[in-house]
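Student: Not my notes, these are from Swiss-Prot:
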{"type": "REGION", "residues": "1-33", "note": "region 'Disordered'"}
{"type": "SITE", "residues": "ARG102", "note": "site 'Transition state stabilizer'"}
{"type": "ACT_SITE", "residues": "HIS106", "note": "active site, proton acceptor"}
{"type": "BINDING", "residues": "HIS267", "note": "heme b binding site"}
Amino acid sequence: MSTTDDTHNTLSTGKCPFHQGGHDRSAGAGTASRDWWPNQLRVDLLNQHSNRSNPLGEDFDYRKEFSKLDYSALKGDLKALLTDSQPWWPADWGSYVGLFIRMAWHGAGTYRSIDGRGGAGRGQQRFAPLNSWPDNVSLDKARRLLWPIKQKYGQKISWADLFILAGNVALENSGFRTFGFGAGREDVWEPDLDVNWGDEKAWLTHRHPEALAKAPLGATEMGLIYVNPEGPDHSGEPLSAAAAIRATFGNMGMNDEETVALIAGGHTLGKTHGAAAASHVGADPEAAPIEAQGLGWASSYGSGVGADAITSGLEVVWTQTPTQWSNYFFENLFKYEWVQTRSPAGAIQFEAVDAPDIIPDPFDPSKKRKPTMLVTDLTLRFDPEFEKISRRFLNDPQAFNEAFARAWFKLTHRDMGPKARYIGPEVPKEDLIWQDPLPQPLYQPTQEDIINLKAAIAASGLSISEMVSVAWASASTFRGGDKRGGANGARLALAPQRDWDVNAVAARVLPVLEEIQKTTNKASLADIIVLAGVVGIEQAAAAAGVSISVPFAPGRVDARQDQTDIEMFSLLEPIADGFRNYRARLDVSTTESLLIDKAQQLTLTAPEMTVLVGGMRVLGTNFDGSQNGVFTDRPGVLSTDFFANLLDMRYEWKPTDDANELFEGRDRLTGEVKYTATRADLVFGSNSVLRALAEVYACSDAHEKFVKDFVAAWVKVMNLDRFDLQ
């Protein structure tokens, strides 16, 4: 923000907005804690998207509001908008088809299957950094074009749903038949802080494709959605871009066919914009002056809009009918020979040297130009595997249409989780493997059935530790980002989850529970696994002198192996699970940061994380049966001993390994080793925020509160994937 232009005309009034010396007195100004301690634990990540930031209040029900929507009228308004060209941002060829497709694509395209974060599900394109990414130039205009429609329909349609629906309507208006549309994306009201966009400090910093396979990053350069369209690091080489394309689309869960279909389909309509050098382009929306009102990238070149627009710096039109669906992308790709050239802005692109002028100008009907392509478009011709698929689509346009329809639906719905979350009249009936489909329920256990099942579990010989551990193993795969994982489906009993090291308890416990399920035939295995946790916790609470009934909602089903994509479910295997004192790799962040990461995926607050760790430690749920963090002389009792002993100054802690991952607590007087611990344990005494929470549960009057809080947090985790209850 410019202090000369944006301080309420202070120069004209003669008043300075600050005291002499220029000190900023506003809240949050000045040197912050993270400036002093940049490695400070990000406990604040667990405070995101609370009711304090939500203007609609905790009683707002989006599904209920959506049911009041005149869906046909909304689509009609979107269709009319496509050709309602506005002078402040004129439409290419009189149509916003390409712009809205790009908006939807770039909203959904931030999704990464490796950690489930990103994607279009929360409408994050409204906020920084995405609203100001170099790859999202001019999408601020697309969102402003949509505002009158959003204003008209209000809370009956979320921004997140509207962005994707606008892209769908644009495709349909071009003559393309989409696969369907599922609404249900709920808006949030602040930027996601948990998404790791990378460590780079400068936009468009290049990353090697191999690095993408090791980190949850979706693009080859900071600030891009996928790959650099000029080739890796502006190389201009189509073949060298193949690895980058596979890495980025692969991180979204796309195979080669889906990748080719998405690139070609996305480039069948619309154009890129590079009328002049980027030096004409002003600040992005987040850095623009206050009078810009959230719009950015104002251009000083000519009119700055229409034929003078600068977006990517590339000036490419792929097809002869850029507002109507066709197979011209593949026809042009293989029909002509391509030579490297540069756009008016100086960006590397390719032109069909032997083609006539067959491409219409977007604003002057009397003008034509030669077909042009991006460097990465030609990758689909020159990479051997991509070329096979591209030629098949060239010769079979219907196969291309079907592949793109399905890939587009996957792109725009991948982060929504199971189909149970979809709402609206255009939800496809077909179940797709990437939706983690579930069968219809076979059981409807009565209250009497549940009582009998609990008795059978209690009499099975399983320990409290085993019962609680197996329930946690089943439910804790849930990821709040893409709503995958969780206890529903009992996929703990299927590959790959049953073979994960962290789930070693399953080999001992599942046969017992499977026998109970088979013998009683009253409930699904998924329900029985969760019910085992209920039995274990109730027994542990009773042993602590607290009688409590753990809430249990039956209705889970058992997935089949053929409904489970092993490769995609393998991505849910935790690198670390601090709740079970599990850490598979030491080369990825710190143990305590990974604990925060896991808690954030489980949508837990800091108090919920704290009470769960403390309770699970005294119940002996470490994945390997170790005594690390088991700060109690009475394991299996749901006590506050973890907190009381951790904060007890009688004990002094010292590391026992070179990596500072393992510790022992010795009596300060005798030197005797009393307890052992990991970083996931000691962080509740070392971090000031977590220590403050631990102190609550370490107090002498906290026991009953602790049990109640533990049960509430536990039930929350068990029901995270019960979208039928939400």
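Glycine is no exception: its Cβ is also placed from the backbone N, Cα and C atoms.
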Student: Around the Cβ of ARG102 (site 'Transition state stabilizer'), how many other Cβ atoms lie within 10 Å? Please give the count over every shown protein chain.
Tutor: 25
Student: Using the alpha carbons only, what distance in Å do you get between ARG102 (site 'Transition state stabilizer') and HIS267 (heme b binding site) once rounded?
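Tutor: Per the Cα atoms, ARG102 (site 'Transition state stabilizer') and HIS267 (heme b binding site) stand 10 Å apart.
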Student: 10 Å Cβ neighbour count around the residue listed as 'heme b binding site'?
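Tutor: The answer is 25.
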Student: What's the number of neighbouring CB atoms sitting within 10 A of the CB on HIS106 (active site, proton acceptor)?
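Tutor: Taking all protein chains shown, HIS106 (active site, proton acceptor) has 22 Cβ neighbours within 10 Å.
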Student: Per DSSP, HIS267 (heme b binding site) is which: helix, strand or coil?
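Tutor: Coil, per DSSP.
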Student: DSSP three-state call for ARG102 (site 'Transition state stabilizer'): helix, strand or coil?
Tutor: helix
